[in-house]
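Copied from Swiss-Prot, the annotated features are:
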ACT_SITE  GLU133  active site, proton donor/acceptor
BINDING   LYS107, SER108, THR109, TYR110, ALA111, ARG112, THR131, LEU132, GLU133, GLN152, TYR166, GLN176  dCTP binding site
Amino acid sequence: MSAMPDHWIKEKALKEGMISPFVDHKEEAGVLSYGLSSYGYDARVDSKFKIFANTHSSIVDPKNFPQDSFIDKETDVCIMPPNSFMLAKTVEYFRIPKDVIVICVGKSTYARCGIVVSVTPLEPGWEGYVTLEFSNTAPLPVKVYAFEGACQFIFLAGNERCSISYDQVNGKYMRQGGVTLPIVS
């Protein structure tokens, strides 16, 4: 497997719609950077956030997820409480080629403030908006800026195509249009 360079990412985005909307350069003036980088793509976070709130003393069960465990906020600046967790989605829609798997890493600017951004791999053949998981490990509130960079996606090309891709197994998170809560089917 090899990490794919900027020119490969740009070609796939423009010719095959791998990333849409696609920013073909690194935008960084006065914002948390986003767009194309040397060996990845820095994606933006949308303005709709779901912040965990223990208002009902619920237990989080991934098989029976309590929908009322979140407070929904739509804002350009979301203030994450200390030691909290929230979900959001990318501004960009991704279409992953069948010979590629994508991993996500956080941005150093947020990491230095105590924010960890986590995403499970984007499987070959998957498409949709990516649900982002934010953890505030800091003992203080931290601002998260909508429409600015939140994480970097690294595209790893396999030596050959996989036998069964995510779209072929009707994956439960295929074509998700917004923040998607856990699904156990």
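Placement of Cβ uses the backbone N, Cα and C atoms for every residue, glycine included.
This view paints the features noted in Swiss-Prot onto the structure.
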{"residue": "LYS107", "record": "dCTP binding site", "Cβ within 10 Å": "20"}
{"residue": "THR109", "record": "dCTP binding site", "Cβ within 10 Å": "13"}
{"residue": "ALA111", "record": "dCTP binding site", "Cβ within 10 Å": "13"}
{"residue": "THR131", "record": "dCTP binding site", "Cβ within 10 Å": "19"}
{"residue": "GLU133", "record": "active site, proton donor/acceptor", "Cβ within 10 Å": "15"}
{"residue": "TYR166", "record": "dCTP binding site", "Cβ within 10 Å": "22"}
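Secondary structure at ALA111 (dCTP binding site), taken from DSSP and collapsed to helix, strand or coil, is helix. Annotated pair ALA111 (dCTP binding site) and the residue listed as 'active site, proton donor/acceptor', C-alpha to C-alpha distance, rounded: 13 Å.
The residue listed as 'active site, proton donor/acceptor' falls within a strand segment according to DSSP.
Distance from the CA of TYR166 (dCTP binding site) to the CA of GLU133 (active site, proton donor/acceptor) is 21 Å. Maximum intra-site Cα distance, dCTP binding residues LYS107, SER108, THR109, TYR110, ALA111, ARG112, THR131, LEU132, GLU133, GLN152, TYR166, GLN176: 34 Å.
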